[in-house]
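What TrEMBL records for this protein:
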- 678-690: compositional bias 'Basic and acidic residues' (COMPBIAS)
- 698-712: compositional bias 'Basic residues' (COMPBIAS)
- 7-64: domain 'Cadherin' (DOMAIN)
- 65-171: domain 'Cadherin' (DOMAIN)
- 186-292: domain 'Cadherin' (DOMAIN)
- 293-402: domain 'Cadherin' (DOMAIN)
- 403-510: domain 'Cadherin' (DOMAIN)
- 513-617: domain 'Cadherin' (DOMAIN)
- 677-747: region 'Disordered' (REGION)
- 646-669: transmembrane segment (TRANSMEM)
Amino acid sequence: ELQVADTLDGEKQPQLIVKGALDREQRDSYELSLRVRDGGDPARSSQAILRVLITDVNDNSPRFEKSVYEADLAENSSPGTPILQLRATDLDVGVNGQIEYVFGAATESVRRLLRLDETSGWLSVLHRIDREEVNQLRFTVMARDRGQPPKTDKATVVLNIRDENDNVPTIDIRKIGRIPLRDGVASVAEDVLVDTPIALVQVSDRDQGENGVVTCTVVGDVPFQLKPASEGEGEPQNKRKYFLHTSAPLDYEAVRDYNVVIVAVDSGSPSLSSNNSLLVRVGDTNDNPPMFSQAVLEVSFPENNLPGERVATVVATDADSGKNAEITYSLEASPLSSEAPGSIFSIDPDSGDVLVQAVLDREQRDTYEFQVTARDKGVPSLQGSTTVVVRVSDRNDNEPRFMQDVFTFYVKENLQPNSPVGMVTVMDFDKGRNAELSLSIQPGDHDQAAGIFSIENDTGTIFSTVSFDREQQTSYTFKVKAVDGGEPPRSATATVSLFVMDENDNAPTVTFPSNSSYTVLPPSSNMRTVVATVVATDADTGLNADLNYSIVGGNPFKLFEIDPASGVVSLVGKLAPKHYGLHRLVVQVNDSGQPPQSTTALLHVFVNESLSNATVVESQVSRSLHTPLAQDIAGDPSYELSKQRLSIVIGVVAGIMTVILLILVVVMARYCRSKGKHGYEAGKKDHEDFFTPQQHDKAKKPKKDKKGKKGKQPLYSSIVTVEASKPNGQRYDSVNEKLSDSPGIGRYRSVNGGPGSPDLARHYKSSSPLPTVQLHPQSPTAGKKHQAVQDLPPANTFVGAGDNISIGSDHCSEYSCQASSKYSKQVRAL
């Protein structure tokens, strides 16, 4: 506070008085405002600033951030490695606040291993630290200021040395129980029981934690294993004890010495390991019986031997030594046979030679079996045995033998080449090569089988190299020879008879009648009159040659009938005028085979009173041979054509009337239209109507106009007569004249009209205003539309109309019962 004191001279003296304790660490300065004022009126004053700075005194001790510092340090850390930094603060300033760090209560090893920086407080490694020597460092560090007197503070440092895996495990093998162990060698009898401890193994590691956890194993394929000596939880991890046990039976005869290698591996990273070994020597005992190399010894011995010959020598071995390995041999009966072998075989007790005492015959007995026993001289004595099987080998003392002297086989004809036809069976009582048979075909007396048959050696199957034809040869006889492979070879033969069975491979053959022949049948013939007999043969036999006959075509009127068995053709219908002419019967001959074979033949029957012109009939038969079988040839076709003519004429007349009616309607319509357009003028001639028919003289030719053109033609002026030439080059006067020269006179007359009918060709020729056009087959000027006329024979030439005429051959044959559609069109055109 401010106190004012009066001085002696009467002045006032202000004083700043400290009333409370000052703490620089709380507030290091104060700023005060001083004001002075006089007593005038008005009063006058002034002011000044007073700063008070608080100076420091060493009233604060240094303070560490923590009272205890703890850190981990890996062992073997290199010198200079920083560990931790100790930090202390002092509220004072200046010299009072300057701190230095020094070791407090610390051992000599701490001061030797660690370094403390006085200024910064950093603690670092001075020398390498080994955890196995020192695992923890505990000491104090003092922080001291430089005030007077100095003030201090201390902190405790705990430094844990972290283990590093720098020590390998150690293995110590010691004796246990009655098993002798000296200089790393243990002697163990081979009859020791399994799981017997033979040594104590101690494993330790100086490291700590995982680095000291040790795993101990036995390496290699040896009959030993380690087992922990105790299962207690208090046992340190880095020190363990194990017992070395046998894990399998020991066998002196198999392995006499075992080098047991024990490896210890710690769990550090990287892991460290060490190993130690123990030599185990197995002691021998008489625990092995004599052993044969084979449980069953098979011996091949030839038959027909001499008594006393050596059959075989048996040898047994004993893995033991000394008396335990000395062996004697004896013969005993086999467990599968009650027969004593002493009557036939014997054995030398020392050498093991087996001798035969009798003559052996393989065909009577091919196998002998007995047992050989081998005993050692150990105590107790052990024994082993083997079975001896004596197989009597064969000698070629038997011939091949066929099961039959004669083999009979039946085969079908037409068998594919190289097909089996039979199999022979042959055997040989010998064995092996002596029974290996070679089969061959031996030709007969007439060499029937030469090149035809072959035989398969393994199966005895006989094959044919050709296809059989029973019609050529019905049977074959040959011999088969069998030769064995012995020395000297032996052989046998058998006869083979082969009969060829019939197949339906031949169609019937018609021997009568021939297709080009014919039979004349008078119209007055009675019912059941025999017309002809169809004769056929078949090269097959049995049912394959059983023939039956049938009519399959050319009998539309059912006039004829054929006997299925004999082939006799009879008349079964009454003959009428329409039946006159040629009849073509299609006869089919079938056999009874499976599948059946058939042959078709033609039987021509000419129905007429007599045969006045054989040439005409032969011509008809010749044309019949070129007519499809589906088309019937039966009787006179003109009979049916006369029926068709009436229908054709009615159709033509109806067509003409329709055309005329249409023309009249058109003319009337045009005439009425013309009058309505121009009107009627007296004395003026109407215009010429081109639709009005012109009146022309049929006998006159059309006139030409001044320019040389023809006058208008009537509607029928487009009709043209097409004619053919006679063989001598002259023209026919009419179609009737042409048809009269044809062989089929009756038919062609029915086409142009019967007797007394007008000659249409002459009529149109005389009445047509155009000249007659003659087209010859050889004419080069005939157009393509007349080409059909040129290709036809003269007998098929008809009259056509203009360019629209359709001229072609009659699709029906000369003997068809109906005219074709083209012929109908020609009649309509006429």
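The backbone N, Cα and C atoms fix where each Cβ goes, glycine too.
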Counted with DSSP (H/G/I as helix, E/B as strand, rest coil), the domain 'Cadherin' (65-171) has 10 helix, 48 strand, 49 coil
Out of 7-64, 65-171, 513-617, which stretch touches the domain 'Cadherin' (186-292) the most, going by CB pairs under 8 Å? 65-171
Using DSSP, what's the helix, strand and coil tally for the domain 'Cadherin' (293-402)? 7 helix, 50 strand, 53 coil
Quick one: DSSP breakdown of the domain 'Cadherin' (186-292) into helix, strand and coil? 4 helix, 54 strand, 49 coil
Local confidence of the prediction over the domain 'Cadherin' (403-510), expressed as mean pLDDT: 86
The domain 'Cadherin' (7-64) - residue tally per DSSP class, helix then strand then coil: 0 helix, 25 strand, 33 coil
